Amino acid sequence: MNTTTVSLERPNVHERRRENVATDINVNALVKNASKAIAPLWPIATFVARHPWMGLEHFSFEQVVHRLKLLRDIDLYPSMAMFRAAQRKGELNPKFLEMRLQRWLDEQPLTMPREEAERFCRAALLHEEIPNELLTSSSLKSLAAKMKDMRLRYDSNHLLTRPLSLLLEEQGKEKWARVLDHQMIKWCKLFLDESQALWAMPYREKGFYYAWRKLVINDPSLNKQQRERLKDLPHDPEEALRQALMLLGIPHGEMKGYLEAHLLSLPGWAGMLLWRSQQSGQAHLLLVDYLAIRLSLEWALIAPHLPFAKQKDDDEAFLLPLLAAWMHWGGWTPEKWLQLPQAEQQARLSFAYRFDKIVRGKLWLEAWEDTQEAQLKKRIASHSQNNEPKQAVAQLIFCMDVRSEPFRRHLEQAGPFETYGCAGFFGLPIKTRELDSSHAHASCPVIVEPRHEVQEFTSAENVKKYRGRRNALLSVSHTFKKMKQHLFASLLLPEVSGPLLGLHTLARSIAPSGAGRVFHQFQDNWAQKPATELSLNRESSLETTETTDLPVGFSTEEKVRYVYQLFKGMGLTSRFAPLVVVCGHESTTTNNPYASSLDCGACGGAAGGFNARVFAALCNLKEVREGLAKEGIVIPEDTVFVAAEHMTTVDDLCWLYVPTLSEAAQKAFDMLQGKLEEVSRNANNERLSKLPGLEGKKKDPLAEAHRRAEDWSEIRPEWGLAGNAALIIGRRELTKHCNLEGRVFLHSYDWRKDPSGEALANIITGPVTVAQWINLQYYASTVAPHYYGSGNKTTQTVTAGIGVMQGNASDLLAGLPWQSVMASDEEIFHSPLRLLVIIEAPQQNIERLFEDDPHFRRKVKNGWLRLVSIDPDSGEWKAWR
């Protein structure tokens, strides 16, 4: 007879996990894959809109919503308060909610009457949430206890991919997750500091992990035992990370998820390190350091609690909300429920589990988006025109930015002017170096690699004079900053600077507009830049000692190609007006860390005027016009290109480059100049009426706009791109007579002039991607402001010269402040909708686009943006899913 020995001893989970860990873990591959859970974060001085989930687009939007809810308890769908407010304002039609519900029910394997399922779902969608009194009632707990033998399949494996420090905290142990975050914030601030701190982090030049390893053993915020555990860490960060994973007992199959969870704990600091690594050409080097430090610290903190024993799943706690749902929304009582056969009980509980808060949020959001699409369709269909436009006196090329739409509309209403829209870098992949600057700025979208550098230059004598005046101003600022940071000099600073700064504060507070004018006049008079030229020609010989890794200027072929591509992409290939104005855009604000977020996203968070000036100058070159003529684009001899900047905070045009004008161009310029004050007044009047506190008030729009731009206490000088909801790619005739309320990106495009589809493909890969990033950043900052936003402007701290925090111990805040998306504490201004892309082109052109660009097709299929095409002949709208 065979005897079987059964061990009654509980296996050591920690030892079992360590045995499962391979010693040859590919740390770099793990970190690379895990880093997709976060997005790179640019310094705030060059604020770039970031799509927080750009690395997760291979998942559907709904899958990412589920994942982040499980990992970080973040709700990525708008709240019920937002949905109900949208319904009250007429932005959300209930009929679309019912349609979405019926579509969802059609996809479900129902094992209960359809009518009952519909009643339950409608009640769950439209009625109040389950009251806490019901969830904690003795009758419900008694009912759940009677059903303890019922087994429902549900996924609780997400617990395995959450940080052990967080799980211990949730079990009532010490606040280990908070302590760990506080430690990482401290070390990241020290390492990433951009000369804001007077004393730099020792050993910083040798790397993050090296410096931390040298310093942490003397960290007084850790106890003696914790410091002892960190004394003998490996010298190599990869080996340290590998060791930490083993000591924590993380199974090989869960390592990627575990690293993701730690990156998502502080996505701002981790995102800044990711950006730094990418800038150095070593895409994930600093994240390896970061995770090696973080997991080593986690092990040092929680070692006494290892091996970690996962708590048993509580079936009763799982059943309670499902039973409460049927009591509250289904109208059942405990007595009637117990009379149901077990199979029917299980069917209803399974259905309630599937129709969870995330599914309800999905249906509400899609109904809101359907309503917006239907309203936009009605507006466009009733105003679009197919007839050819009349010959314009002047044509103006604007950035496709939503803030350009009202200005363009009022401009076209004011006279015989025609406007076009494109990405505000005007197709120029350049770095720009202003006069006497040691730094060149990438003035193109972050997804575009600069290929050229364009520099401002003038005579050596002019540079010398300008440098002297400029250095005098900078030295005052530099001295003030150094005194402020110095331990002893800071004690003298109030005595030295008090009277002058007191007067400045008083003037800025009482009369911001007047004080601003005086300040700008002084700056212009003292440090006025001399007339400069641009290094457009590759063979330009510049009197400069600056070095660059890019070619300076363009060859003739490159000049022609860039100009041709932009004209072709916009459909502007003939009928040129005597005057063509290339308009960049810039925002003017005071005391605003987020100033760059109001500038041009297509120019890397800088003003677009430099690019406008370069493009206009290229268009006036004889060799460019000759090259364009060979490609079939003939520009009349009397057509002159000029450059301007649209100041979005005050809705005005500032002239940057006006060469000698032909007679026809001069007449057009004078006519345009004569209309600008009227256009500015009307555009400001429309824009200011949407700002909180100004609704319905009688104010001089020009004066009020300038006051807000100069007032350093103004938390909302303009709305920026709040409200953005759609991007229209098509002829201006489609939308010229529509009031799109500053909510739509407008990119000019004529499918008839793009037989190959190349121009449309370029618009999709560039401008559409930038617009999507902007849209999803506003979305994230609205629906999850505590995680993806940056809180209240008035309580923010600029830290380490790179970003903002709330207080001195928060994550590096990556998103927008609530003043950028909220009208008040209770009311949102920005409607969190995924971008609706509308393309005016035949259906076969869209099909070809999908074939050629599977990445874009995936965005549409996975719900990261919405796509509609308009047939140019029939006007029929087709939604692509």
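Heads up, the Cβ atoms here are built off N, Cα and C, so glycines get one too.
Taken residue by residue with DSSP, Asp401 (Zn(2+) binding site) is part of neither helix nor strand, so it is coil. Within the same chain, residues at least 6 positions away in sequence whose Cβ sits under 8 Å from that of Asp401 (Zn(2+) binding site) are Gly424, His585, Cys600, Gly601, Thr648, Leu721, Phe745. Positions annotated as Zn(2+) binding site by Swiss-Prot, on the basis of sequence analysis: Cys399, Asp401, His585, Cys600.
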Requested in this report: Any same-chain residues 6+ apart from Cys399 (Zn(2+) binding site) with CB under 8 Å of its CB? Would you list them in sequence order, or say none?
Outcome: Gly421, Cys422, Ala423, Gly424, Cys583, Gly584, His585, Cys600, Ala602, Gly608, His646
Requested in this report: Excluding Cys399, Asp401, His585, Cys600, please set out which residues of the same chain place their CB within 8 Å of the center of the CB atoms of the Zn(2+) site, keeping sequence order.
Outcome: Phe398, Met400, Arg403, Ser404, Gly424, Gly584, Asp599, Gly601, Ala602, Cys603, Gly608, His646, Thr648
Query raised in the report: What does DSSP assign Cys600 (Zn(2+) binding site), in three states?
Result: strand
Query raised in the report: Highest CB neighbour count within 10 A among the binding-site residues His585, Cys600?
Result: Cys600
